[in-house]
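Report on one structure; see the data block that follows.
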Amino acid sequence: KAGNGHAEGPAAAEEGGKGGGRMRGCRGFLRRNALVLLTVSGVVAGVAYLAFPGELLLRMLRMVILPLVVCSLVSGAASLDTRSLGRLGGIAIAYFLGTTLLASGLAVALGFIIRPGAGASALDPRLGMPGDMPTSKETVDSFLDLIRNLFPANLVAAAFRTYATEYKMLLRNTTSGNVTWEKIPVGTEIDGMNILGLVLFALVLGVALKKLGQEGEDLIRFFNSFNEATMVLVSWIMWYVPIGITFLVGSKIVEMEDVVLLVTSLGKYIFASILGHFIHGGIILPLIYFAATRQNPYRFLLGLITPFTTAFATCSSSATLPSMIKCIEENNGVDKRISRFILPIGATVNMDGAAIFQCMATVFIAQLNNVDLNAGQIFTILVTATASSVGAAGIPAGGVLTIAIILEAIGLPTNDLSLILAVDWIVDRTTTVVNVEGDALGAGILNYLNEKDKKEKEQELKEVNVEAVANNKSEEETSPLVTHKNQVSNTSGTADPESKESVL
């Protein structure tokens, strides 16, 4: 035993020395590579927690969307008389449809010039397999869903649910005895605010309250007060916007995967889309504003830097609405009745940037599949993109789902939509900026036309008053009684008392 004990002692000491050496080696490794390890840990933590302050900003902005849209539209529609409401509404619809159609035409033209899909058939196959692929929908069902959402069955549910058609596959026996699969449309409710239905209801309610006259004044004052209180909340949220935007953009940079591969493989498509947004937002829309108002459009846009930054960071026209209303009223002096009437409508139905994105993606997929688009297909793309951009679904991949409608309309496969979805987070930022810019310039044009019309009416009223005064003077001068009285006064100084008495 003693021999064993003497034999075990040195071995145990040697083993302890090895263990101590390992510990010292680990500590030395950690000390030498502390910076690298902390950086990697920071990246991992950043992916999980860096987006949290930005998420708070999104939640606060979405919180005020519902009261802002409903109250601003009700008070705006009630503050305008029926004739002005109809005139401004007609001009707004013409502006929205016209600019969206121009955007679609620009995207198709750039697609044929740049040819982003030419030679792109050798793209990495794993780009075509993302996790969340939208289900394609029939064109007729898409437009029927749009009309259904205009008339929500439940206003409370419309605040957080929207109607959408889905499909179930059922086995059917044919007359020849064969069994085939049949696609059956099924109506369902999906997550997402039904902005389109709420906008229509708020407009009609505002007009109805205006028609009530004195009886509707109390409810109009309620909505006005609610709207002003919401704008106070927005002014408080605006102080947090710079912090939230910083973390939103930073989290997206940290989450980037295979950016080099995406840009090199789909670079021409990304370039063509962003170029279309730049031309439409930087040249065409400002030219339209200048032609209508003869004022500097870039000075007008300079006062909207904060909403544009918010649009770039959030990729949501609705989330940008609170800051847009505040800045366009305070910095650009747009009448509250105009801004709170037109901007919520524009955030729902005016999608110039989305039209460019959808048309460019359609041309890209056609070129990817070596399909030459004919005149009829191009016309279908323009009309379908313009119409389907109205009330586009406010859900992830909602824009990609709209592209599926256009592809179905012209008979192209929808499998390649996964390529568009892979870079949607890049293109969607400039898309949203152009969307909200179109709304802002539309509000500026309507405000100018409204002020011009008001000045013309005031001038006409002054001219009528001057003419009325002139007519009164001329009547006094030519009146027989006044002439007779003047004759009496002229002759009274020379006539004798008897003749004067006889005249009286």
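Heads up, the Cβ atoms here are built off N, Cα and C, so glycines get one too.
Listed ranges 269-288, 349-368; the one TrEMBL annotates as transmembrane segment is 269-288. Tertiary neighbourhood of the transmembrane segment (230-249): same-chain residues 50-54, 56-58, 60-61, 64, 67-68, 71-72, 306, 309-310, 312-314, 322-323, 325-326, selected by CB-CB distance under 8 Å and a gap of 6+ residues from either end. Counting Cβ pairs under 8 Å to the transmembrane segment (64-80), the top-ranked stretch among 92-114, 192-209, 300-321 is 192-209. Same-chain neighbours of the transmembrane segment (92-114): 268, 271-273, 275-276, 279-280, 284-285, 288, 342, 345-346, 349-353, 355-360, 362-364, 367, 378, 381-382, 385-386, 389, 434, 438, 442, 445-446, counting only residues six or more beyond its ends whose CB sits under 8 Å from a CB of the stretch. Long-range contacts of the transmembrane segment (300-321) within the same chain, counting only residues at least 6 positions beyond its ends with a Cβ under 8 Å from a Cβ of the stretch, are 54, 57-58, 61-62, 65, 68-69, 193, 195, 238, 241, 244-245, 248-249, 286, 289, 327-328, 331-332, 343-344, 347, 351, 394, 425, 428-433, 435-437, 439-441, 444.
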